[in-house]
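Asks: Structure incoming, see below.
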Amino acid sequence: MPKMKLPTIYNVHLVAMIATLGGALFGFDISSMSAIVVTDQYITFFNNPSGVIQGAIGSALAAGSVVGSAIAGPISDKIGRRDSIMFACLFWLIGTAVQVACQNVGQLIVGRVLNGFTVGITSAQVPVYLAEIAKAEKRGSLVIIQQLAIEFGILIMYFIGYGCASIQGTASFRTAWGTQFIPCVLLIIGLPFLPRSPRWLAKVGRDQEAIQTLANIQADGNVDDPRVIAEWEEIVTVMNAEKEAGKGWRKFFKNGMWKRTMAGMSVQAWQQLAGANVIVYYLTYIAQMAGLTGDVAMVTSGIQYAVFIIFTGVMWLFIDKTGRRTLLVWGALGMGFCHFVIGGVMGGNHENVPGGVGNPPNANIVIAVHPGAPANTVITFSYLLIVVYALTLAPVCWIYAAEVWSLGTRATGMSMAALSNWVFNFALGMFTPPAFVNITWKLFIIFGALCVAAAGWFWVFYPETCGKTLEEIEVMFSKDGPHPWNTKKGESRLAAEIEAVIARKEKGEQPGLVETVTQDGENKA
């Protein structure tokens, strides 16, 4: 009896929408706290956690993600991009169950650490998977779906939490946290229908399966399509070069590879150091500083997430028409300006409230911004900061980090990049609540200065990757590559290689791709 096989989806946008449910998990976990931390039920049950304790609760997700992202690369190289995401889902189910049943702060932290472990793996490997199945000219728009999924997860979970705030007692936050099962179950159902990465299949020696998958994705199954042949030739050439580059950790630093390692890890660190997540995680605190309370404060914060989605959606239309360098440099400068305005207005227009703002008092909020123009300015520029972030660093940092690695280093390299993101996310998660108490408005001045530093770093060290094949990016980071500030978007050589394949086919000099691979396999045998 023939073995039953599930149908496989090859439409890349549909594949991306299923795979990026891993991003939705990230978004759900972020705002599972955002709407809850200011509710009476949470404050009462967990004894008004503040400072380091609230920092530990908030950063527990990042702590688990550090571990998850650290092991994501080896797991992905061993079992594949798709199956590593499935493996991660098991820990999400356990972590969510622990959160729903928690009886104290310690159990809540454990549940969030387990969820973070899942997010560490998915945040590292979903962008790798999408980058490896995408056409070069569409790679940015495909990977940005991951960022949109994160933002939709944030928005949906925030308003679930807001709605559950009207439920009396602990059922309020337990019900909200229980809804985190839903996106994970949907992801588990959808993953078996997705194709494996053709580049991973090539890496582990499954050449014919890799070619057929590449053809199904790029050319409706035609293995002799010139684009498929040209792209396969690039993959093989790069794999052969990488086999000569050595094994182990040396390959991340040898032959100019250190440039890509630095770029992939530092772009993720700067995404956190730019400080947008202070607004994303704690706009409810900023709204209360500005005198907004109750439903007004909650809805004001929720609108931020809708704004986030709208402007990332706008960038989805233009991400592959605009250079990565341009967005990174100007985005960092724009965010820095917003931070300086928020900090400056807060610094010059506030009153100290040592006991905490609100009723019951929130011990994390110890200043009140003067009402009227100062408070309105703080809220307006908080929104504007999110707009700039949604258009620039939020999507581009993930795209750039997924693009810069070679095939042999991509899974572990992206894990290193995600590890960098989560280490700084954890550090800032621990730092921010105490900073709101101890240095208040000066926190925004610090982030403004870091944004200016980020812009300078991007300009000096990051070559343009927009419109290049993943294999062409190898050359840009080599010792013979151009200076980053001399690089431009597009100008891919793949079009010329496709024309060369067509010319060889017309002359009868181009054998069938499957035939070539079969002959190579027989020669090796």
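Each Cβ is built from the backbone N, Cα and C atoms, and glycine gets one as well.
Automated prediction, rather than curation, is the source of TrEMBL annotations.
Straight from TrEMBL, here's the annotation block:
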DOMAIN    15-466  domain 'Major facilitator superfamily (MFS) profile'
TRANSMEM  12-39  transmembrane segment
TRANSMEM  51-72  transmembrane segment
TRANSMEM  84-101  transmembrane segment
TRANSMEM  113-131  transmembrane segment
TRANSMEM  143-163  transmembrane segment
TRANSMEM  175-194  transmembrane segment
TRANSMEM  269-290  transmembrane segment
TRANSMEM  302-319  transmembrane segment
TRANSMEM  326-346  transmembrane segment
TRANSMEM  381-401  transmembrane segment
TRANSMEM  413-431  transmembrane segment
TRANSMEM  443-462  transmembrane segment
Asks: Go through 12-39, 143-163, 269-290, 381-401 and flag the stretch with the largest number of C-beta pairs under 8 Å relative to the transmembrane segment (113-131).
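Replies: Looking only at 12-39, 143-163, 269-290, 381-401, the most contacts with the transmembrane segment (113-131) come from 12-39.
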Asks: Are the transmembrane segment (326-346) and the transmembrane segment (443-462) close enough that 3 or more Cβ pairs fall under 8 Å, when only pairs 6 or more apart in sequence count?
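Replies: These two stretches do touch.
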Asks: Restricting to the same chain and to residues at least six past its boundaries, which positions have a Cβ under 8 Å from a Cβ of the transmembrane segment (326-346)?
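Replies: The answer is 267, 270, 274-276, 289, 367, 369, 374, 377-378, 381-382, 384-385, 388-389, 391-393, 396-397, 400, 440-445, 447-452, 454-455, 458-459, 462.
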Asks: Should the transmembrane segment (381-401) and the transmembrane segment (175-194) be scored as in contact, given a threshold of at least 3 Cβ pairs under 8 Å and pairs 6 or more apart?
Replies: no
Asks: Give, as a single whole number between 0 and 100, the mean pLDDT over the domain 'Major facilitator superfamily (MFS) profile' (15-466).
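Replies: Averaged over the domain 'Major facilitator superfamily (MFS) profile' (15-466), per-residue pLDDT gives 84.
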Asks: Against the transmembrane segment (413-431), which of these stretches has the most C-beta pairs under 8 Å: 12-39, 175-194, 269-290, 302-319?
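Replies: By the under-8 Å Cβ criterion, the transmembrane segment (413-431) pairs most with 269-290.
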Asks: Under 8 Å between C-beta atoms and at least six residues away from its ends: which parts of the chain pack against the transmembrane segment (269-290)?
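Replies: Here the qualifying positions are 30, 33-35, 37-38, 58, 154, 296-298, 300-301, 304, 308, 332, 335, 339, 346, 350, 357-358, 362, 364-365, 367-369, 375-376, 378-379, 382, 385-386, 389, 393-394, 397-398, 420-421, 423-425, 428-429, 432-433, 436, 443-444, 446-448, 450-451, 454, 457-458.
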Asks: For the transmembrane segment (175-194), could you work out the same-chain residues 6 or more beyond its ends whose Cβ comes under 8 Å from its Cβ atoms?
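Replies: Beyond its ends, the transmembrane segment (175-194) has Cβ neighbours at 6-9, 15, 18-19, 21-22, 24-25, 28-29, 32, 35-36, 82, 85-86, 89, 92-93, 96, 99-100, 115, 118, 153, 157, 160-161, 164, 167.
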Asks: For the transmembrane segment (143-163), give me same-chain residues lying six or more residues beyond its boundaries with a C-beta closer than 8 angstroms to one of its C-beta atoms, as numbers and ranges.
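Replies: Apart from its flanks, the transmembrane segment (143-163) reaches 13, 16-17, 19-32, 34-36, 126-127, 130-131, 134, 173, 176, 179-180, 183, 280, 298-299, 301-302, 305-306, 308-309, 312-313, 315-316, 319, 390, 394-395, 398-399, 402.
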